[in-house]
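A short write-up of the structure that comes next.
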């Protein structure tokens, strides 16, 4: 009897001392403030890029909206901003609805990443054909969109050090670099962009005319351009960096899983705290 009476205030004391974990709350808040600001920054850059090209007043300027770098940035920025907002405000205000939305968004994102990974492994040939079609569109519209032009220059010169899809001859698809364009006086006819050129070790100023006439029959001397196509270069890059890419991907997925668990734990603490007053 005495033992039962002694246990009552102890249980009541523990219940009264239950509270929302401040460490968990502010950890979710702090992480998502950064995530929120990152999303806002990416979204701002995307909107600025579109406004610079006057896309908002004339959508026909975009050759392929799905491949437009500015549009992709706006999509990524919007998604990041929304997820960061729900996590940040949900944790700070102890709002269970926003925390639930945050956990749902992360779960959907996690499932999409897993689905893309599985489909990419199963449908390799389809992914390859889509990448080829996308790169062809970049080549065809190279001079029409400065963002796509900068992207393809970065891929060819800095990232993969390649030229064209399967080789320099693919640049014949572009009206400016097509060999028949010599008839209309194009100086770039039968050439390739400067990003296809191999940089010399002692070169300080980039030669933007280094690709002129390099595909012209009987071109004298060494062409000094990348002969490897970007499709094969991309496959070799993936094979050579498979472990780091997989490690980064798994790390991102682990962070998302932790975010889901932390949000659910914080919601449980909030519900437990509310239950004391109802």
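Start at 1 and count along the chain as shown; that gives each residue its number.
Each residue, glycine too, has its Cβ placed from N, Cα and C.
Annotated features in TrEMBL:
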| type | residues | note |
| --- | --- | --- |
| TRANSMEM | 24-50 | transmembrane segment |
| TRANSMEM | 70-92 | transmembrane segment |
| TRANSMEM | 99-123 | transmembrane segment |
| DISULFID | 163-179 | disulfide bond |
| TRANSMEM | 242-263 | transmembrane segment |
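Long-range contacts of the transmembrane segment (24-50) within the same chain: residues 56, 69-88, 90-92, 94, 102, 147, 259, 262-263, 265-266, 269, each at least 6 residues beyond the stretch ends and with a Cβ under 8 Å from a Cβ of the stretch. Cβ atoms under 8 Å from those of the transmembrane segment (242-263) belong to residues 24, 27-28, 31, 87, 90-91, 99-100, 102-103, 106-107, 109-110, 113-114, 117 of the same chain, restricted to positions at least 6 beyond its ends. Secondary structure at residue 179 (disulfide bond), as computed by DSSP, is helix.
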